[in-house]
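Everything below concerns the one structure shown next.
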Amino acid sequence: MAVSVVPSCSMVRQKLGRPTGSIYLALACLSLTIHLLLACFCLAVLQTVYVLPNSSSTSIPRTDTEHRQSVSRSSSSDDSSSHKLPTGPQNGVLHKLNADTTHSKGKYPFDGATEREGKLIGAGEVIAKAKRPSTLGALFNHPLYNLPRPELKTPLWVTMLEGYDRVAWTSDAGTHPPWLRFHLGISRWELYDRKDPDLAQLTHYLATQRVLGAVQKTGGTQLKLLISFPNHGQALLKPMKQSRDAETDVNLFYFSDFERHNAEIAAFHLDRLLGFNRIPPVVGRLINVTAEIREITTDRRLSRTFFTSPVGNVCFYGQCEYYCSSEHPVCGRPHALEVSLAAMLPDLTLAPRRSWRSPWRRSYSRTKLAQWQKDPSYCDTVKQTPPYNHGTRLVDLIDMAVLDFLMGNMDRHHYETFEKFGNDTFLLHLDNGRGFGRHSRDEPTILAPLQQCCRIRRSTLLRLRLLSRPGFRLSDAMRESLAQDPLAGVAPLLSEPHLSALDRRLAAVLRVVRTCQDQHSDVTYNDLEGYNEEYDQQPD
């Protein structure tokens, strides 16, 4: 093209023959040259842009944890459904952060981190351990977790049905929402049957259902919300207030500690692994602070505490006794917030509960000690006091002490039971938010009921021994169980130091029992009459 341009310029110059014509000719040549250079540059750019990138270059960056979980999902084995707590369909994406707020798309943009987390909102697929046998499956297949169930002489639902008649449900259980089936399944001996498929449906319900309302729950010392779902369902929400890996400050008293959302989730899984089944089902979830709380709440006390932080995160603090101030807010990133959702128990008007003061309650004072901390023979007094002087109440309380010691929960001042069942029933293990606060230090005083009374249920002792064995290691079972929770797709619910602490504390419990057996002959309460004696042997 340059060859054709030069003759054209010579011809024009001959025709014009004037200085003005030379100027015009020079400008025309310069313009043509610039256009040619621009055309070449654009062609090169277009060739670069339209080269299709490979799939790895377009994927969202993943953490090492997410990569391991992805591998686990692709190679998970087909365990029995009773070993899992599936919380959603197989595609793994069950709940959008702006559920039921499609009008808000684009209104609340995510930052880089929450965009990745947004893909994991709600309940994910059940994550099984890859390339190794399932510890959880082996544990729940063991005879100790498949013992004959006591006959249900007085089911709780007998007194509840009349209260639910006002709602248009039929007598067919298949028409009942998951939360109602959970309520009707409560027995004298446990809150739920681990093998009941309704448990998986309930956790799925909590993780995926559209949020209809959010108000602050009265009572308690720290912020918690009451969440409403379709079909009259409700859940107790506890928000994330600190990093999962943050340890409790050693200078804080036990009654000054933050409550942790992941502690509520982990406590439910630990209680289930111990075979207690006394904590209402709890599931983790990512919610939109703006669309699922601020815009739908009817609670003015709550709504007026919302504000936007200097970095653009939506925050609130509510009203409560501790840590409800603008200096201790709950904040989304900028709108996404991790929470725990616990299934609510039946209304007190339908299934009344009695609150009991724990004999081993702490003083909740910075200077005073409780009586049990000063009197080594304190348990002798407790054993003579109703309802601890007969039945299983004392060993039930010791079960709870073992659970609290394993998770480091010092905040067990009261417990509850269902009035319908009288004194011969299980204890509800509620309010576990102050567990799993410190993994680097154990608190032996939590085991005071076991140390002072030297009494433990035989089934509990056998399961603890089983969980100390390599093929059934508590930390491995806990890791696998927690991986089923939706929030495990964001980050592990318990760090490895916390999991290691479980094994260390379990060994400490067994040492206390061994010491008791060396000093007393009647340590175990035999609730397994006729069960195989081989499991009474100490683990290797």
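Even glycines carry a Cβ here, placed using N, Cα and C.
Residues or ranges marked as active site in TrEMBL: Asp411. Annotation source TrEMBL lists ATP binding site at Gln222, Lys238, Glu259, Ala342, Ala343, Met344, Leu345, Glu416, Asp431. According to TrEMBL, the feature Mn(2+) binding site maps to Glu259, Asp431. Under the heading domain 'FAM20 C-terminal', TrEMBL lists 306-522. Annotation comment: TrEMBL describes 55-111 as region 'Disordered'. Annotated transmembrane segment per TrEMBL: 23-52, in sequence order.
What TrEMBL annotates, mapped onto the structure for a quick look.
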residue	record	Cβ within 10 Å
Gln222	ATP binding site	19
Glu259	ATP binding site	25
Ala343	ATP binding site	25
Leu345	ATP binding site	20
Asp411	active site	19
Asp431	ATP binding site	23
Check: Could you give the Cα-Cα distance between Ala343 (ATP binding site) and Asp411 (active site), in whole Å?
Finding: 21
Item checked: ATP site span - longest C-alpha distance across Gln222, Lys238, Glu259, Ala342, Ala343, Met344, Leu345, Glu416, Asp431, in Å -> 20
Next item on the list: Summarise the model's confidence over the domain 'FAM20 C-terminal' (306-522) as a mean pLDDT value.
Entry: 94
Notebook entry, point to check: Cα of Gln222 (ATP binding site) to Cα of the residue listed as 'active site': how many Å, rounded?
Noted result: 13
Next item on the list: Measure from the CA atom of Asp411 (active site) to the CA atom of Leu345 (ATP binding site) and give the result in Å, rounded to a whole number.
Entry: 21
